[in-house]
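A.B. asks: Sharing the features that TrEMBL gives for it:
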- 75-96: region 'Disordered' (REGION)
- 85-96: compositional bias 'Polar residues' (COMPBIAS)
- 102-225: domain 'Heparan-alpha-glucosaminide N-acetyltransferase catalytic' (DOMAIN)
- 108-131: transmembrane segment (TRANSMEM)
- 143-161: transmembrane segment (TRANSMEM)
- 173-192: transmembrane segment (TRANSMEM)
- 212-230: transmembrane segment (TRANSMEM)
- 251-269: transmembrane segment (TRANSMEM)
- 354-375: transmembrane segment (TRANSMEM)
- 387-408: transmembrane segment (TRANSMEM)
- 414-436: transmembrane segment (TRANSMEM)
- 456-476: transmembrane segment (TRANSMEM)
Amino acid sequence: MEWNLSRKSEVASAALLFPQSGSSTHRTNVKQIQLNSNNFEQREQKTITNRELIAAGAIASQEMGDADYHPLPGDAESVAEPATRAQSGATTTTISTRKRPRLASLDAFRGLSIALMIFVDYAGSILPAVTHSAWNGLRLADYVMPFFLFIAGVSLALVYKRIPNKKEATQKAVLRALELVFLGILLQGGYLHGLNDLTYGVDLEKIRWFGILQRIAIGYIIAAACEIWLSPSDIARGSEIRLHKKYYFHWGAILLLCGTYLGLLYGLYVPDWQFKVEKSSGSTISNATFVLETVNCGIRGDVGPACNSAGFIDRSILGIDHLYKKPVYRNLKECQKSESAPSWCLAPFDPEGILGSLMAAVCCIIGLQYGHVLNHFQEHRDRLLKMLWLSFPILVLGLLLAFLGIPLNKSLYTTSYTLVTTATAGFSFCIMYLVVDVYRQRWMSFVFEWMGRHSLSIFILIPSNIAIIIIQGFYWKLPKNNIVHWIVSIVKHN
């Protein structure tokens, strides 16, 4: 929801690496072209022109490098370094181009996450067990968002491996985050009306300000600030030092965010609150009437759907009309009772609200640490061991917090939920890294790799229903006579 959601949010400048020369091995990779100004043949001139084009392409690729390009053990690193020397009337041009290895496991993991999102979105109505938990607990769909946040954090560590200009890097990170926010508002703010409705447009008084891409943007910009401004610059690659000791400012930021979240979640007083429920009395909007419902709270530290401080903060800052209108807690048993259901069952609530976004940033910053492992250790064994040892304590701490009473809750994005799902993302990435990059079983992951490289486009077209909206725009005589409506009708009847 690196995100992956998003290729735009992961574009960075790749580093120039100078090739060594002198051995026969390097002579085969480093092509030297010597032009004599007094005597050269037409064939040599044509060869030089072609190689100059290759070098230009390599430099262009370097300027728009991707975060997922990363040297792997046993692979040659990308090289594109033209050098020109004048020697007694002769010009020597040295050009070396090598294919840049790509961290295919990160692409595949991002593609797996987007495939998982598509599956739970469309299969949730048929298989309720895979959809989001109504309140407390974990189901398959509850892992999707943490996976995207984790991937965003890993990618950031690769993007900002070298930072020549911190201010410029910060400006680019802010612009990317704003792009995600704008795109999220457009896709999930209510402008598009979804299935069975060919209209579009949204009342600005009811637009939804927060959503999936907005949450990824918040986590992304906080993690980017940590990586740009709070990272040490004196860690040697392959060093056996404990990375968490060098990145103590990152762990301090995690503790600060967790402490702020827990303090607000359990310490903020939530008063009684009201909301309007539409009661239609006619066939037109002008005949609609509204009933004012009251939710009695007057409590602090509640983590239920009605009186939690996350909802209170969103209602106070964003306004209740700008929250998600169909929260998942409507699937709770008490909300299924048509006559005796509590009033709050009909109230808006945003699962991607302000308070939970603090923990989303925690997920991204933890993902940074996995990226640091990839940056500082070159052997597969070292990388896997470091990432596994990082995942185990996070998982244990998350389960311990759940045992002590902090529920696993995706809607509130609780601390226990964040730690457990982030650790799960870490374990999953280790498995993907082992299969794809270590054993190189690319035939098992090539579809996910392709999806990972085009994750933002796929997110826009499929999970956001853009493709379906376009398809259903073609109908026969009546708007309901379209392919999408027919497929939905067949699934419901079956």
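Yeah, the Cβs are placed from backbone N, Cα and C, and that goes for glycine too.
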A.B. asks: So, do the transmembrane segment (108-131) and the transmembrane segment (414-436) meet, by the test of 3 or more Cβ pairs under 8 Å (sequence gap 6 or more)?
C.D. replies: yes
A.B. asks: Tell me, roughly as an integer, the mean pLDDT over the domain 'Heparan-alpha-glucosaminide N-acetyltransferase catalytic' (102-225).
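C.D. replies: Result for the domain 'Heparan-alpha-glucosaminide N-acetyltransferase catalytic' (102-225): average pLDDT 89.
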A.B. asks: Other than its close neighbours in sequence, what residues sit by the transmembrane segment (173-192), given a CB gap under 8 Å and a spacing of at least six beyond its ends?
C.D. replies: 3, 6, 8-9, 200-203, 206-209, 211-214, 216-218, 220-221, 224-225, 228, 460, 464-466, 469
A.B. asks: Looking only at residues six or more beyond either end of the transmembrane segment (414-436), which have a C-beta under 8 A from one in the stretch?
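C.D. replies: Long-range Cβ neighbours of the transmembrane segment (414-436): 104-106, 108-109, 112, 138, 142-143, 146-147, 149-151, 154, 258, 261-262, 265, 303, 359-360, 362-363, 366-367, 370, 380, 383-384, 387-388, 390-392, 394-395, 397-399, 401-402, 406-408, 442, 444-445, 449.
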A.B. asks: So how many of the residues in the domain 'Heparan-alpha-glucosaminide N-acetyltransferase catalytic' (102-225) end up helix, strand or coil by DSSP?
C.D. replies: 80 helix, 4 strand, 40 coil
